[in-house]
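The following block contains the structure, expressed as structure tokens.
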Amino acid sequence: NHNHRSKDAGSDTGKDTVAYAALLRNELLGAGIESVPNLHTEDRRHTVFSQDTHSLFRYTVHTKRVPFDSGNEVSPYSLSPLSNKSHKLLRSPRKPARKISKIPFKVLDAPELQDDFYLNLVDWSAGNLLSVGLGACVYLWSACTSQVTRLCDLSVDGDSVTSVCWNERGSLVAVGTHKGYVQIWDAAGGRKLTSLEGHSARVGALAWNGEQLSSGSRDRVILQRDVRTPPSAERRLQGHRQEVCGLKWSPDHQHLASGGNDNKLLVWNSSSLLPMQQYSDHLAAVKAIAWSPHQHGLLVSGGGTADRCLRFWNTLTGQPLQSTDTGSQVCNLAWSKHANELVSTHGYSQNQILVWKYPSLNQVAKLTGHSYRVLYLAVSPDGEAIVTGAGDETLRFWNVFSKTRCTKESKSVLNLFTRIR
């Protein structure tokens with residue numbers, strides 16, 4: 001069955017099959033293929049099984065000796081029966097198949113991790129600490145030592161955690177609360193530095209930009225404050241008509257993208273009080289937002305249950321680029337630091353994690369395991385692993401962007417060294 005064949009195409013055996021088919025065509029049909037067709041970028045049926053211009057048998061008599069280095073002729077001194085083209089084919093480099101493990105390399109219990117689309121309760125710091133908002137508390141988990149510490153407990157104030165976000169250095173954690181406060185905590189010292197007022201409803205989205213902190217709230221306002229100065233020096237960005245649920249600063253620190261429950265994606269520059277761009281193509285809430293670290297001005301956003309689409313934007317020109325329907329509510333997005341790939345996490349109805357190549361938007365992997373929608377996502381500081389969180393009260397760690405592509409020894413039948421003991 002064709003589907004089964006193409007599914008196996010990424011595996012080493014699939015590649016060997018194509019190489020073998022090309023080899024046979026060289027030797028029997030004189031096809032002159034010098035490199036193994038790439039299974040992903042070229043149409044296999046065309047490259048491997050296209051109609052031949054040569055007939056199988058040729059009844060011509062060679063009166064003139066063709067110089068043996070011309071390609072298909074075999075040198076009279078060769079120890080191999082294969083033609084030169086076939087030798088080139090066997091020597092042609094072949095990319096190792098990309099292997100992404102379908103199972104998480106670690107699972108942590110996260111009791112009271114809220115199943116609420118509008119919150120952002122997981123973040124991973126530059127110092128390799130994970131901050132997680134569980135109910136009224138923020139916990140820090142060290143990826144190096146696996147130690148857990150409780151940073152704060154808001155239950156004394158009758159409050160709860162609605163968002164967490166590390167600053168770029170990984171020394172400070174911003175904590176957004178249900179009552180509308182934004183607290184700044186010193187992670188190493190375990191002490192609260194300040195508590196910022198200004199929002200009249202829960203703060204579900206936070207984003208640092210150097211010493212500036214942006215916070216988005218159910219009160220529809222984005223507040224921007226410098227944590228070193230008195231709270232009076234704040235900028236109020238008013239453009240959303242419903243709760244602000246997504247906030248991300250661009251890698252060059254110049255632009256802030258915000259998504260709201262009004263289905264809008266807005267882009268603000270660092271000085272204006274009005275959005276410089278407004279995108280209204282999504283048909284549901286925009287929580288998932290990510291700026292590309294590879295291409296200046298490239299922004300991707302994902303829509304909620306009624307939309308399910310990933311949409312790409314060139315914010316330099318304001319042009320929409322391309323979009324794809326993922327089939328499920330898009331909860332979160334992140335780009336790989338190493339490759340032009342991105343990961344999306346999903347809710348209704350499949351609760352899956354998808355890895356995409358850009359700009360082809362080919363799916364590299366589909367990871368399942370969460371039994372609730374995958375609302376939370378963070379990328380490790382080395383850019384190789386991700387952590388996902390869901391209302392099933394688990395955090396799952398996956399190796400999706402590993403720089404070491406092949407962890408296992410290749411099982412290719414053409415690889416002689418697997419047989420040596």
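Yeah, the Cβs are placed from backbone N, Cα and C, and that goes for glycine too.
Since this is a predicted model, take the numbers as computed values, not measurements.
Pulled these features from TrEMBL for this protein:
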- 108-398: domain 'CDC20/Fizzy WD40' (DOMAIN)
- 154-195: repeat 'WD' (REPEAT)
- 237-269: repeat 'WD' (REPEAT)
- 367-400: repeat 'WD' (REPEAT)
Against which stretches of its own chain does the repeat 'WD' (367-400) lie, if we need a Cβ under 8 Å and a gap of at least six residues from its ends?
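Apart from its flanks, the repeat 'WD' (367-400) reaches 100-117, 119-128, 130, 132, 143, 170, 329, 331-334, 336-338, 343, 345-348, 350-355.
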What residues in the same chain, six or more past the boundaries of the repeat 'WD' (154-195), come closer than 8 Å to it by Cβ-Cβ distance?
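That would be 119-129, 131-138, 140, 201-208, 210, 213, 215, 217, 219, 223, 225, 227, 381.
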With Cβ-Cβ distances below 8 Å as the criterion, list the same-chain residues six or more beyond the ends of the repeat 'WD' (237-269) that contact it, or say none.
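Residues 117-118, 201, 204-210, 214-218, 220-224, 275-280, 282-291, 293, 296-297, 299, 301, 303, 307, 311, 313, 315 contact the repeat 'WD' (237-269) from elsewhere in the chain.
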Treating G and I as helix alongside H, and B as strand alongside E, what does DSSP give for the repeat 'WD' (367-400) in helix, strand and coil?
0 helix, 17 strand, 17 coil
Under DSSP, the repeat 'WD' (237-269) has how many residues in helix, strand and coil?
0 helix, 19 strand, 14 coil
What is the average pLDDT across the repeat 'WD' (367-400)?
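Residues in the repeat 'WD' (367-400) carry a mean pLDDT of 93 in this prediction.
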